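Chemist: Below, the features straight out of TrEMBL:
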DOMAIN    106-410  domain 'Calpain catalytic'
ACT_SITE  C162  active site
ACT_SITE  H322  active site
ACT_SITE  N350  active site
REGION    596-629  region 'Disordered'
DOMAIN    723-758  domain 'EF-hand'
Amino acid sequence: MGNQVSDCTKCSSDRKEMDSGRRDLKVCVMKEEDIILKVDTRNRDVHNDFMITQPFWKQSVHSLENKPFNSDIYLKLGERKSGIKIPGKVQDFYEIRDKCLRDGVLFEDDAFPANDSSFYFAAGKGRRSFQWLRPSQLSSKPMFISDGAQRFDVMQGELGNCWLLAAVANLTLNEKLFHRVVPHDQTFEAPEYAGIFHFRFWQYGHWVDVVIDDKLPTIDGHLMLMHSKDRHEFWSALIEKAYAKLHGSYEALKGGTTSEAMEDFTGGLTENFELQSNECPPNLLNIMLKAFERSSFLGCSIEALDSSQMEAEMSNGLIRGHAYSVTAIKLVQLSTSKVKGKIPLIRVRNPWGNEAEWKGAWSDKSREWTVVPEREKQLLGLTFDADGEFWISFTDFKNNFTRLEICNLSPDSLGEDNKRHWEVSYFEGSWVRGISAGGCRNHLQTFHLNPQYLITLVDHDEDDDEDTCTCVVALMQKNHRLKRKMGSDSLTVGFAIYEVKEGHTDGGPKYESKFERNSCQQLLSTEYFKYNQSVARSPTFVNLREVSGRFRLKPGKYCIIPSSFDPGEEGEFLIRFYTEKAPQSVTENDEEIGLVDDNAGKTNGVSDNLVADNEPKESEPNDNNVANNENNVDVIHTILSSESVAQNRAKESESQINAFFTKLAGEDMEVDAKELQDIMNHALKKEFKFDGFSLDSCKSMIAMLDDDRTGKLSFNEFTQLWRNIRQWCAVFKKHDSDGNNIISAHELRAAFHEVGLNVNRHILEILILRYGVVNVKKEKGLTFDDFIHASMKLKHSIDNWNSKSKTIQTPSTTTPSKILPFASGRYPPTATQNDTSFTLEEFVERVMYC
């Protein structure tokens, strides 16, 4: 057999983010090669080499179809699961407003103060200083919204964030979504005005409520940033401030893509289309028309080839390096003596809101409008104002704009009367060094460590003649703009899609191993990726917040693997799947937590003959410290570690064991924490380089096995503990290959499996977070004593769960996968507590992370 060869190249792209202040993008190209193999009489097709040359580039699944997301529940900024930490107390809009009204004061936001720290990443000389004023200081009659919010309200200021303005203009076109982002329960009118406002943004699967005061940055009494055309209206300036607070500062908003803001306003998924590339789909018009049927948001732009072209006006009136909103797509009826029929026209808006408009065919007052009937013009709402909005034909749109962004809305963002919608599923995940940060396919030996997600597509699209299923995949990394404030950049990320044929996940002969066979679901291994090529992948790997792709896949099962470009890079992500028809199943491909089904982890009993052969000579008992009698300790160490001898000895009377244990434990036939510490440390420090188990660790060991709650271990309990520890010691030695007393994180899954424990990626990440250390190679892992401690806690928590779940059933199932927590000291709890039930994984997580 040959080995699959892979390499990669890194290159810089001239692709720019809109506006000044952009960061440099790192674009990575992955090259994947496949070799001809004949494995187990299965012939594989030969695939040509391919190179991606396009220049641009907790673990549970959530289904918006089967488990609707409650959009009326909003997290407060800084609250757990909001994904963001803020200084001070979590802010509740209603609580703060009521308190300010009672106290007769206007709110001042200490979490986002009215000074340069909220405007810039860091303080520095030569920066402009602003005067922060409230709307009542700028207008004699300030209004939150005047005569309804319209796309013409939004005007750009001096901050380079036209991408944000384009998205805000789109937001005004959807009243339901606008009211979600801009709550209407706030005003400048007495008696409800208290100098406090709030806005809601979607962040990585959750809606977050952001509270601000209404102090705005001004120069010479004028707003310098986003503002409304009406100088008395302030909703647009305030939403920009809330968005800046969400991302850490106003400066964090310099440079971006319209898709980012559109997703934050809707919770939707954005697709990017390079309009003048070979990858642009031939059915683009149909895609755009379908998008408008689903109330999607659209934006477009023209690439700036270098920095001198940023926001430079072209001869046709369009602006390079500038974000536009697509506000309508219409098939317009033409009627002349020579021409009859319909032509697709696109309505586009420049967020500058001025005369900088398209000057070609179908522009304002162009002769083409003379062939459109007056009735049709009225239906279009046609006006010829210098307001930045214009019409352009679909052909000219494709030939002049270089990029189109479509934000597809999730079902919860659409009205009930909207029959066409996407089926949506999503996962939250993370890359942790040594556990799940395997890098892209170029790194074959670690690629399999990445998270794996399975999706089964059954029903093809209704209007697809080729019987394929549309699947849009989007990978988003979290806290992208906050990282910029901290001086770090986003990871370079992407994903690959593999078809999983029958037998690939059920322990087939090619990929079978003891480890995988015992898994409830088989992880795709290095061997699999060595001989199978991806069927689709992200356009490329890029260090933007999100990378997405639209794919037409045949019905079947697929494994989608998100990764950073290089292994060992850590970060959190959200991965989403949009399909036209509901998939049969969507799940994370990982092991289920529990005990290994086979006899792994079981040891033979201790031979009574072995005890008799090694019984110590009579000596004076020492009640103060059992470890002083090294002969006794050495004997028990010999007995309980010499399993190979024990296997060949016949079992004699139990009285001999009891007699021996009595000499160590005393008349009460039990050992306490101090005695246990002395025995184990004396025996194990001869084999392992460690400081020994602490007294607290030994107390924890006793607590886990002390069923009768005496604070001591009986002979049977001690024997059970020692047998486990001896086996765990052997496994640790096997996986501590370099003898540095640390098991590397990437070996932990296999190590735990050998001691009889199935753990998944999430629990491994929890263990590293709780117990992990870093070795001289800067690799994460567990030391000997932490491995023993973690193994014991894992086994005990799973055993405890299993013993309880056998006697407790939830109403929804006869084989419960959930149990309920203790309530009022009684167990089992009442049926009314079903809402607080939890899974085995959640139970183990809580036990291990403490």
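Glycine is no exception: its Cβ is also placed from the backbone N, Cα and C atoms.
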Chemist: Using a 10 Å cut-off, grab the number of neighbouring Cβ atoms around the Cβ of N350 (active site), all chains included.
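Modeler: If we count other Cβ atoms within 10 Å of N350 (active site), we arrive at 26.
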Chemist: How does the domain 'EF-hand' (723-758) divide up by DSSP, counting helix, then strand, then coil residues?
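Modeler: Helix, strand and coil residues of the domain 'EF-hand' (723-758) number 23 helix, 5 strand, 8 coil.
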Chemist: Which three-state DSSP class does N350 (active site) fall into?
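Modeler: Once the DSSP labels are grouped into three classes, N350 (active site) ends up as coil.
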Chemist: Distance check, please: Cα of C162 (active site) against Cα of H322 (active site), rounded to an integer number of angstrom.
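Modeler: One finds 7 Å between the Cα atoms of these residues.
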Chemist: Work out how many Å separate N350 (active site) and H322 (active site) at their Cα atoms, rounded off.
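Modeler: Distance between the two Cα atoms comes out at 9 Å.
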Chemist: Summarise the model's confidence over the domain 'EF-hand' (723-758) as a mean pLDDT value.
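Modeler: Summarising the domain 'EF-hand' (723-758) by its mean pLDDT gives 89.
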